[in-house]
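**Q** Okay, here's the structure, questions in a sec.
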Amino acid sequence: MSELIRVPDIGNGEGEVIELLVKPGDKVEADQSLLTLESDKASMEIPSPKAGVVKSIKAKVGDTLKEGDEILELEVEGGEQPAEAKAEAAPAQPEAPKAEAPAPAPSESKPAAPAAASVQDIKVPDIGSAGKANVIEVMVKAGDTVEADQSLITLESDKASMEIPSPASGVVESVSIKVGDEVGTGDLILKLKVEGAAPAAEEQPAAAPAQAAAPAAEQKPAAAAPAPAKADTPAPVGAPSRDGAKVHAGPAVRMLAREFGVELSEVKASGPKGRILKEDVQVFVKEQLQRAKSGGAGATGGAGIPPIPEVDFSKFGEVEEVAMTRLMQVGAANLHRSWLNVPHVTQFDQSDITDMEAFRVAQKAAAEKAGVKLTVLPILLKACAHLLKELPDFNSSLAPSGKALIRKKYVHIGFAVDTPDGLLVPVIRDVDRKSLLQLAAEAADLADKARNKKLSADAMQGACFTISSLGHIGGTGFTPIVNAPEVAILGVSKATMQPVWDGKAFQPRLMLPLSLSYDHRVINGAAAARFTKRLGELLADIRTLLL
């Protein structure tokens, strides 16, 4: 029987087909990867939900696919008709399955043991569109007693660190992962012995032997069959693959290669069956840097930028090398990419917030009564949301073609949070529809999650504009880097009391420094000046937000 295999739920957005891993006539197993999709956030391999033979392929390299699009047509194995045909052709064979059929009967008495019935598989929950994440900490071990919602492991993706809690109380029987492993949604974390879960567990062992026995028997020969063909691949280990369609690498390796601007077909594979590992990419980058260095002062890197000479700092004194967290590494790569791709200009201005501050202080008691702390941030969020609707170019992104603007009808604003592991930017959605107290509560909650590694990847996506405030630390101004594909970011520094001429005398006024960095391809200087001028007017008299 033929079935159409479609793209499963891949989170928000769509992905480009960068690699086809099968061809018509290939025999595939359940969960075997069919193709690799690359979105603007990650690359992911799409597995086959069933075993069978590839009849035809509906997608090709370069296609853009989304959830529900056709991948291929699969001739599914193991249907009822082939079983009947075997029964007619060889009467002796059906006796074997029948002989196996009573086997589950004794096994039905075995699951009655409460120990086996109470074991649950604890798996990685939905971690959003991040796809994969590295295990950076395992907090339990076999034999430990855990409570519901107690943290089991800490995962770190390219967007955030998060702790995965236990969904139930129980005793850890075995831990299936270790520090350094890369896991995704649905991967097994550990086995947990839970009391009172026997009925649900009994049904699974009873049904599993009958269903799993045949596929298990089929999968092993199938996996063994292609092994000799692929066994030729490790032989030339160290030789780069020149055929881009046959590069074998996981999503994390592809992401690392993109960050470094490395063409995977040029990388020497050292992994099993010719698979490219992270270490292979790192070695390749080091070789290129050494080659550029030995090429003399005129040598340049892959992007045409002369590399910074390598310096042995230890000859000047004692040094210590401290590893950057993955979050810091990815953040640095993203900032570098934005800086190289976006023509930055920064507009500086000041806003008189004397009256606004008086209003904020006057509402302090009301805010505390509502259980929130009213800071300057919610007022900035509200004012910026007003301006994003008034000046829609600031609420847009440059189309990939570079010939159009994509204007957004929603107003989601990110705000930078300083954490021990690096800078995180949670996003508040529909800022224009929320009150100051609602914004204050949501900002406090997101900032707390960011600092405690509870922030999901989805909570940091979809922003139209970003606010980065250093006012609590100090400074008179800075040049924030635009978080592309956004086109602007507002930097806020420390407010100070300054003398301001009112036409008759100098008056003490509380002045807030503003730094608006913008993408000059989308925003011109006059528009940026209008933005900061209007923002100053709104902050000077926040009653104008009601107009």
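Quick reminder: no glycine exception, Cβ is built from N, Cα and C everywhere.
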**Q** In Swiss-Prot, one of 32-74, 75-117 is tagged region 'Disordered'. Which stretch would that be?
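**A** My reading of Swiss-Prot: the region 'Disordered' range is 75-117.
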**Q** So which range, 155-201, 202-248, 296-342, 390-436, gets flagged region 'Disordered' in Swiss-Prot?
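**A** So the range that Swiss-Prot calls region 'Disordered' is 202-248.
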**Q** Using Cβ-Cβ distances, find the residues under 8 Å from HIS520 (active site) that belong to the same chain and are at least 6 apart in sequence, listing them in sequence order.
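**A** Looking at Cβ-Cβ distances below 8 Å from HIS520 (active site), excluding near sequence neighbours, one finds PRO343, HIS344, VAL345.
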**Q** Can you tell me the mean pLDDT for the domain 'Lipoyl-binding 2' (119-193)?
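**A** A mean pLDDT of 86 is what the predicted model shows over the domain 'Lipoyl-binding 2' (119-193).
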